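Taken from Swiss-Prot, the feature divalent metal cation binding site applies to Asp12, Glu13, Asp108, supported by sequence analysis. The domain 'RNase H type-2' annotation in Swiss-Prot covers 6-198 and rests on sequence analysis.
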Amino acid sequence: MDDASEQIAGVDEVGRGALFGPVVAATVILSDGAIEQLVAQGMTDSKKLSPQRRMILMNQIREVATGFRVGMASVYEIDRLNILQASLLAMRRAVLGLPSTPQLCLVDGNQRIPNLPVPQRTVVKGDQSEPEIAAASILAKVWRDQLIVRLDQRYPGYDLASNKGYGSAKHRQALRELGPTRQHRLSFAPCQASLLPD
């Protein structure tokens, strides 16, 4: 690889605040040319993009990325470790799953990934300033959203296809009426409250 930027991986996670489902991380390595192309297509923080735009960009990222990988931590791991440690575990799994080892990981936020045998730098709001992190945020968001839509078929009644596992009014109401599923995070207060008798 003759382009130094091809050795830089962006890492981000989604689903930290959700009540349902795993936390998902992605890592993406992009060449300078790929960054230029994706930025010209409007790539930015996934939260600022419509679902349709995220899907288009996700397909473009997968086409032009030097490498990418998704990692996740299960609801069981979230409840056992806590959401921060589970998020970092998902990030670590994503990076270690890359086909080649990057020279540097740019990690969104202010927490370093523990036990990562790769140099890393944390970047607060990195999904807004680092193209590699923005790409990772899009990949992770689309992947997790698609998973939650599939799980909505298995666990009807919680409006998961709409809320993507986050604590909307409908979701909280369903928790009170139906109780939690195996994919709800019992370490989160709204899920715990649904287990208490009225």
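For all residues, glycine too, the Cβ spot is worked out from N, Cα and C.
The Cβ of Asp108 (divalent metal cation binding site) lies under 8 Å from the Cβ of Gly10, Val11, Asp12, Glu13, Thr122, Val123, Lys125, Gly126, Asp127, Glu130, Ile133, Ala136, Ser137, each of these being in the same chain and 6 or more residues away along the sequence.
Note on the binding-site residues Asp12, Glu13: the fewest other CB atoms within 10 A surround the CB of Glu13. Confidence for the domain 'RNase H type-2' (6-198), expressed as mean pLDDT, is 96.
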